[in-house]
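Structure, as structure tokens:
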Amino acid sequence: MPSIHVSKCADPAIKLAHRIAEVVRSKPNCVLGLATGSTPIPVYQELARLHREEGLDFSQVRTFNLDEYAGLPPTHDQTYRFFMEEHLFSKVNIKPENVHFLNGMASDYEKECERYEQELKAIGPCDVWLLGIGHNGHIAFNEPGSPRDSRTRVVCLTQSTIDANARFFGNDKSKVPTKALSVGIATIMESREILLLATGESKREAVTKSVKGKCETHCPASFLHEHPHCRFYVDMDAGKVVDNTCCQATNQASCCGSTSCHAAKA
């Protein structure tokens, strides 16, 4: 059955960025699904360096972002549009018409989500989705309880996610939007390849449940076991109790460390 491959090393963001660069070089007009938050910033820094110093060409690359807060104007410094411009798009030669975002100020969120889903289907599927993981195992804004067949939709953020994101809003939880637009788990799973980055001790429990646990709605990232080409890039803290290996979700949630599992040695 499909399984999650784990690559544990000191600089997982760099290794992940180089994998994305391989995809861009082999398919110049590739479609990338992109994540935001503090975790992927080093990935974008390395991609920008590869563009600046080694000529990595983004001129034909198309991108879709995972999610966007509901109710924040595009000029707000906490929108994910602003984030991507600050950390990647302004530093590479990507064309504005090739980047795609959900509109958090749309008058009809359901229609906006349907538009985005159809746009992704027309241009995609994504060659790579870059993901982070929340402390509660969420991917994008697919919080615990999100169904496996979920599509792009409006979601209500859990209190734990609001608490975690308050640091981006001056530690004022009242300023964190309570809703967001997010691609669904089924949308993510249609990508040809999924790369998830997790760093720090605070992500250890979520990584462990995702890699070694069963596929369950209470840990949305666990559904990634069903994808044929999914790799977790983790540092030593986040991956302390998992190995550089290929892990399969079963009723017993076993983890195999044999070379026949195509272990990803860092």
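Positions of Cβ are set from backbone N, Cα and C atoms, glycine also.
Quick look at what Swiss-Prot annotates:
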{"type": "ACT_SITE", "residues": "Asp67", "note": "active site, proton acceptor"}
{"type": "ACT_SITE", "residues": "Asn136", "note": "active site, for ring-opening step"}
{"type": "ACT_SITE", "residues": "His138", "note": "active site, proton acceptor"}
{"type": "ACT_SITE", "residues": "Glu143", "note": "active site, for ring-opening step"}
Within 10 Å of the Cβ of His138 (active site, proton acceptor), how many other Cβ atoms can be counted across all chains shown?
-> 25
Expressed in Å to no decimal places, the gap between the Cα atoms of Glu143 (active site, for ring-opening step) and Asn136 (active site, for ring-opening step) is 8
Taking only the Cα atoms, work out how far Asn136 (active site, for ring-opening step) lies from Asp67 (active site, proton acceptor), in Å, as a whole number.
-> 17
How many whole Å apart are the CA atoms of Asp67 (active site, proton acceptor) and His138 (active site, proton acceptor)?
-> 12
Assigned element (helix, strand, coil) containing Asn136 (active site, for ring-opening step), judged by DSSP | coil
Asp67 (active site, proton acceptor), number of other Cβ atoms within 10 Å = 21
